[in-house]
Each structure stands twice: as C-alpha cells, then as structure tokens.
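Trainee: I have a structure I would like to understand better, so I am pasting it below and will then ask my questions one at a time.
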Amino acid sequence: SRSGHSHPPSLLNPSPPPSPLRPAPPATPAMAWRLPPLAVLLLLVAAAVSPLSSAVRPVSDAHRSVAAELFAASPDDLETTYEAVRTFKILGVQRDKGLDGKACKLAAHTLSSSSSPAKDLFHAVKIAGVLGCGVDAGVYDDVASRLKAVIKDTNSLLEFYYSVGGLLSLKEQGHSVVLSDADSTFHAIKALSQSDGRWRYDTNSAESSTFAAGIALEALAGVVSLSDAEVDPSMIGVVKNDIVKLFGTIKSYDDGTFYFDEKYVDGSEYKGPITTSASVVRGVTSFANVVSGKLNIPGEKILGLAKFFLGIGLPGSAKDCFNQIESLSLLENNRIFVPLILSLPSKVLSLTSKDQLKVEVTTVFGSAAPPLRVNLVQVLGSDSKVITTDSKELQFDLDNNVHYLDITPLKIDVGKYSLVFEITLQDSEHETVYTTGGRNTEAVVVTGLIKVDKAEIGISENDAGSAESVEKLDLLKDTKVSLSANHLQKLRLSFQLSTPLGRTFKPHQVFLKLKHESKVEHLFVVPGSARQFKIVLDFLGLVEKFYYLSGTYDLELSVGDASMENSFLRALGQLDLDLPEAPEKAPRPPAQAVDPLAKFRPQKEIEHIFRVPEKRPPQEVSLAFTGLTLLPFIGFLIGLMRLGVNLKNFPSLPGPAAFASLFHAGIGAVLLLYVLFWVKLDLFTTLKYLSFLVVFLVFVGHRTLSHLSNTAAKQKTA
C-alpha cells in the first residue's frame, strides 16, 4: 500500500519507472500447510484489509508527529535546516527556541560570509524569512548584489534558480529588490527548455529533465515577480504551452492518481517520483500565481497529484516529508484548481451494527469544502459485477462536516464492494476554483454474522456414506465429540454457511487440523460446493502422511474471512485412530521444533523430605562442654603469670612504641576474628579478613622486633 511508515519500492527505489501498486495476494492453501490456523486467520484479515489501508486521507496530526520525529535532530547543513523549519511552519509544529536560534545563527553566518555560494545564500535567506531572523539591511544589500552578479555570469539552470529564488525571498521579507534585466534573464532560462516541456540543466547538457522543468518554472516565476516592467507576453504564452506539454508526459495509476517521474539518465541524476512531482508542483503553482489568465491544466490531473502525495501516507525520510507537505500546501491554495478529496472515515461497515456509510469531502489539509452534493451512483461487487445503479444522495451533517447514508436499503450483503460517488458543486462559480475529479471510487468491506447450519461429523465405512456414528455439531458453541476409527474407515465433516441475507457464503479460509499427541500436526483444506462445505479423510490413503502414528488426535476447525464477524477457531474434540504398524522403510515423523525459551520457564517442583534431626543432649551438658573450651585460655593466663610476663622491654620512643602498640592490637584483632568466626562469619569471609591482618602484622611486627633486636645489640656492646 502507499500508506504507512514505509514506502513502496515503486516510489522510493531509484530505478525507473515505478510500477503501479498492487495489494499482496491472500494466503494460499499451500501456505496454510506451513502455518497454524490462527496465524492463517490473521494473515487473511491483513491481506483483505491491506488494499483499504491505502485510503487517501487529508493531512492529520499523524503527519505532524512524523515530521517532528524525522526532523528531531538539529541538522548542520542549510538545506535540511530550511526543509525542517519550512515543514514545521506549514504544519504549525512548535520547535524548540534554542534550535531556531541555532538555525538563525547558521543563516546569519552564511549570509555574512563572502565565500558562500548561491545555493547556500538561497537557503540562508529562506531560513531567515521563515524564522524571522534579525539580519542587518547592509548584509541583505551585499547578498542581493552577489546574487545579481551570479545571474549575469551564469548559464546554469541551478545557478539561475538559487539566485532568483534568493532575491525573491529578500523581496518577500520587505527588502527592496528589482531585477532590471528581467527580460534577458527570462530568455536565458527559457533557452534551456526542450520541445517536450522538459528543461536542460545548462547549455552543455544533452538530456532533458522533468525535475529541471519544475525548478525552471519556479525560476521564471521569480523573474516575473522581480521585474520592474512587464515581461514579454509572448514568452509567457510560450511557457504556458510548455507547461501543457509537460503535463502531457504525466503518468497515472488506475485509481486516478497522477505523478511525474524523472527520465532516467544515470544514478546520480535520477530524482524519483516524489522529488520530481514536488518540483513540478512548486514550479507550476508559482508560475500560475504570477501570470494573468489560467493555465490550461485539467482539474483531474491536479486532483491526481494531490492523491499521489496523500497516498504516500506517513513518509519515511525527512526529504520525502518536506516534499509531501510543501507540495500539498501549494495545492491547497493555487490559482489553477484547488483539489477536493473524498475520503471515508471507515471503510469497514457492519450489517450487525447497522453502520452508516460516511463520506468526507475536504481540501488536502482537511479544510471544509464549499457547498456540494455527494451521490452514490453505483455499487460494484468484488468481481466488478454491478450490484445497483440507483443513484442515492447522501445527507449532510453540518455539525460534523460529513455526508452519510443508511446502507440497509441498498440490500448489499457481506463482502467487498467498490462504491462509485459523484460530487457536484452547488455553486457553478466554484467549478473554476475547485476540482472534484467527477466520479470517485472507494473500496469498502461489509461485514456481518455468518449463520452456521447442519454441521455433522462421523465415521463411515465406505464412500456411500453408511456411517457407523454421526454426531451433530454446534460450531458456534464449545461442543466436543469423541470418535474412534481405524485405517479402513473414513472421517466425514460437513456444514453450511449462509449470509445475513440467506445467500451461500464462501469464506477465504476453511481448515481442519488433526494434531497427534506427539505434537505432529496435519492440516487439510475443507472444500466447498454450491451449498455445503464437506471433507472426507480416507485413512487408508493417509497412513503414510500420518506416519503410521496411532493414538489420540485433537480435531480443530478454522473458518475465517475478512467479512465474517464471527470467524472462529473451534476445538471439535478427539479422534482415537488405530493405524497399522509402520513398515521398515516408512517415512519418519518430522522432528518437532524445540522452544529455545523452554529452559527459562518454571521447572517441575522438586519434592524432598529431609532426614529427621538427631536427638540433642540436655542444655546443661552443652553448657558444661562450652565451659571446658575456656580451660585452655585460663591455662594460657596462668602460664603468663608463672613466666612473669611484663612490659619492661616495651619501647619508650614514640615511633617504636606506636609500632609495638599496633602489633599487639593486630594480635588482638586476630583473636577477635576467631571469636567472630565461631559465632557469625563463614570460613571464606574469615580467611579474607585474616589475609589483610597477616600482611599488617608482618609489617608492624617486623619493625617492632627490629627495634628490640637493635636495642639488645647496643646493650651487649655497652
């Protein structure tokens, strides 16, 4: 589809020419064999609705959000900065004042630089005009002189475009700018035109370009605006004729969308349909605004260009966003034709809810249209068969600005339809201002509740259908059956589907799934005849397909369609199937895929009974033995007293005394660590702390013992 965040290759891929867009085909039975039924139903609905997602809708808040996202980063180059500020101004998006200040500084620096080329001056002046940057009049005078000098010395179309565009922007900002040699400049630009309405980039170019035609027309419009005298009317007439020729090369889609595509020369020159069409729209609307009379361009082509840019939906790049929004803003207000867009707020209508058909007719930016009438003149079926040709006028809701019609009298059933509308302006004077395109065709899906009747399932012995067991089913309720069969029997399933108007209904997807207890699945398409859906599974011919797997199979029926409000995925019950033993060379069941996330899911609970704790001794006995553990410490204290331990050798000097104190404190810390290990710490934590204490004790102990050794040596010498 041409809407959404991603673009079709035909619009964005730089390879000519773009092909018309077509919706993807629905899921086929071959695909269904590889997908679970629920996934098939989802794909079905997506495939059915995808053609509707290309609906042309006016510019909305979604475009503003996308523009803010695409231009979120502050660009460093002038061209992207101008595109950002211009897009935000058109959409009314508020920018950060800091970013606007940065853009103004970038523009001011470029304008004051004597080495800035015409292209940079063009974008800098444009930025200053959009943001209202404060630029000295003297700087603008210098810029105007430099741009006029470029016009005199160049034969390049791009140089003409940037120079004339820069001067015109200066004039629009209130600066006095006059192009005295307008006629010669007009002739110099016109000399680059070709007979087919395209333009060359310079006198040395051999190939003509549609994109160049757009910028040439915009440059010519600027020359007319800057001229202090009337430009040669005959030359204006020639350019008007060139525009008619240019629109003769326009391309179109079947839905009335028109676009321009660049003539492919090489990869560096190809612009793509969006950029090329935007260039032509800028040029043609600019030229139409400055010349007298009206350009001879059919209104349906202007409307087709509007549909093209709206059909892009939400663009995926900043450049496409700028081209889309600026082109639509120019089409919103132009002197050729203002396009009026017919759109449907909802393209899915429910017979169950008795939805009304609602139609909006607005400008490309959603502004109200002038007084008009909308008639539904024809309804076509999905096969282009005419359902009705009775013209019905839609009523107008002034409060909501919407035209509406009750679809019940139309007697249309569920399915896909093409609705043909005709728009008529009530005031004949508006016919020269607005274009409606005459007839507009919109695709809709009508949904409803499908009636399910005569559902039966059973096991039979032969093709004649003499069933041993047949059970009725209510497929709209949760009813389950239990069947059994062998390889010489057949499984039969049949049911009927009818629409709310009693007609036979054929959904896009009807599947019967058999799932073995070993997780092996088999999917079958249920064929439908004129009045009934029926499937017969001959197990004798399916033994190899079933891999000779006997056991219990779960039965599941899937019925789905985009028009069916009560699509269902129903478990029918179980089938106990008895198949013969597999021969030696029989095919093996495929290996079931292993869920890589299964190991992270909750595991089965482990049940364990711990051993019964042994009987503990009485508390008095435990305390007695705890007291016995203190006896060695008491013996240690008695030994110290017997040995006559004293502090006579404790160093008296401050430095050695400090190391001796730290040494004894470290020994005390080790003893305390032993106590903590006994009551609280584990072995590894204790060893970690002990390793630090050992290093500390080695250091301070070595200093203390060295001092004592030196003191003893001095005493012996004395």
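Here, residue 1 is simply the first one shown, and the rest follow in order.
Just so it is clear, glycine is given a Cβ too, placed from its N, Cα and C backbone atoms.
Annotation source TrEMBL lists region 'Disordered' at 1-25. The compositional bias 'Pro residues' annotation in TrEMBL covers 14-25. Annotation comment: TrEMBL describes 60-332 as domain 'Ribophorin II N-terminal'. Taken from TrEMBL, the feature domain 'Ribophorin II second' covers 340-444. Summarising the annotation, TrEMBL assigns domain 'Ribophorin II third' to 454-577. For 610-710, the entry in TrEMBL reads domain 'Ribophorin II C-terminal'. Annotation source TrEMBL lists transmembrane segment at 623-645, 657-677, 689-706.
Mind mapping these onto the model and telling me what they sit next to?
Mentor: Residue counts of the domain 'Ribophorin II second' (340-444) by helix, strand and coil are 8 helix, 56 strand, 41 coil (DSSP-based).
For the domain 'Ribophorin II C-terminal' (610-710), the DSSP-based tally of helix, strand and coil residues reads 77 helix, 0 strand, 24 coil.
For the transmembrane segment (623-645), no residue of the chain approaches it from at least six positions outside its boundaries, judged by C-beta separation under 8 angstroms.
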Trainee: With Cβ distances under 8 Å as the criterion, find the stretch in 60-332, 454-577, 610-710 that has the most pairs with the domain 'Ribophorin II second' (340-444).
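Mentor: The stretch with the most close Cβ contacts to the domain 'Ribophorin II second' (340-444) is 60-332.
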Trainee: Per DSSP, what is the residue tally for the domain 'Ribophorin II third' (454-577) in helix, strand and coil?
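Mentor: Tallying H, G and I as helix, E and B as strand, the rest coil: 4 helix, 71 strand, 49 coil.
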Trainee: Counting only residues 6+ away from its ends, which parts of the chain sit with a Cβ under 8 Å from the transmembrane segment (657-677)?
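Mentor: For the transmembrane segment (657-677), the list is 650-651, 683, 686, 689-690, 693, 696-697, 700-701, 703-704, 707.
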